[in-house]
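A.B. asks: One structure is given below, represented as structure tokens, and several questions about it will come after.
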Amino acid sequence: SPPVCGNELLEEGEECDCDSPANCQDRCCNAATCKLTPGSQCNYGECCDQCKFKKARTVCRIARGDWNDDYCTGKSSDCPWNH
């Protein structure tokens, strides 16, 4: 089935989906188009801060046990597993 903008599910072709335009509180996401607002790189994620990717080498997951700290890449909002 085709993606439905405004259902709060990130589907194929959507960059974000923050509910209906009346209910969306996300300044990084255009609720009418389900695309990021101009100048925004992201709208969520451990490596996203105020609509921008966090800088490379920013710790996004603290070391535990035998694992090392995990760091943002500066190119994604996801925190990669580096162990």
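Glycine too: its Cβ is placed from the backbone N, Cα and C atoms.
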A.B. asks: Pick from Cys16, Cys18, Cys24, Cys72: which cysteine does Swiss-Prot list as forming a disulfide with Cys47?
C.D. replies: Cys72
A.B. asks: Can you look up which of Cys18, Cys24, Cys28, Cys79 is joined to Cys51 by a disulfide in Swiss-Prot?
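C.D. replies: Swiss-Prot says the disulfide from Cys51 goes to Cys28.
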A.B. asks: Using DSSP, tally how many residues of the domain 'Disintegrin' (2-83) sit in helix, strand and coil.
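C.D. replies: Helix/strand/coil tally for the domain 'Disintegrin' (2-83): 0 helix, 13 strand, 69 coil.
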A.B. asks: If you average pLDDT over the domain 'Disintegrin' (2-83), what do you get?
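C.D. replies: A mean pLDDT of 95 is what the predicted model shows over the domain 'Disintegrin' (2-83).
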A.B. asks: Quick one: which of these disulfide-bonded residues, Cys16, Cys18, Cys47, have their CA within 10 A of Cys24 (disulfide bond)?
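C.D. replies: Near Cys24 (disulfide bond) by Cα: Cys18.
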A.B. asks: Please identify, among the disulfide-bonded residues Cys18, Cys48, Cys51, Cys72, the one with the smallest Cα-Cα distance to Cys34 (disulfide bond).
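C.D. replies: Minimum Cα distance from Cys34 (disulfide bond) across Cys18, Cys48, Cys51, Cys72 lands on Cys18.
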